[in-house]
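In TrEMBL this protein carries:
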type	residues	note
DOMAIN	1-67	domain 'Yippee'
Amino acid sequence: MFGHAMNIVVGAKEDKQLMTGYYTIANIFCSKCGEEMGWMYVRAFDAREKYKEGRYIVEKARIVKEYGGQV
């Protein structure tokens, strides 16, 4: 989980049930190629999960090296 992300575009908000609770999230996309990279927590409905609000999840499988090789 990251507190800051660069070179992304934030998509539309949606309410979603995840493993740790119910959230409003927004998918995040690479600003260069448009590939979906993960999501941003917009709102946590459970008070114990509020620390996630405004933070980003970037899926490791979506990260590639500059010249196209996967990390």
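We number each residue from 1, going along the chain as drawn.
Here the Cβ of each residue, glycine as well, is placed from N, Cα and C on the backbone.
Bear in mind that TrEMBL entries carry predicted annotations, made automatically and left uncurated.
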What are the DSSP helix, strand and coil residue counts for the domain 'Yippee' (1-67)? 9 helix, 35 strand, 23 coil
Limited to the domain 'Yippee' (1-67), I'd like the whole-number average of pLDDT. 93
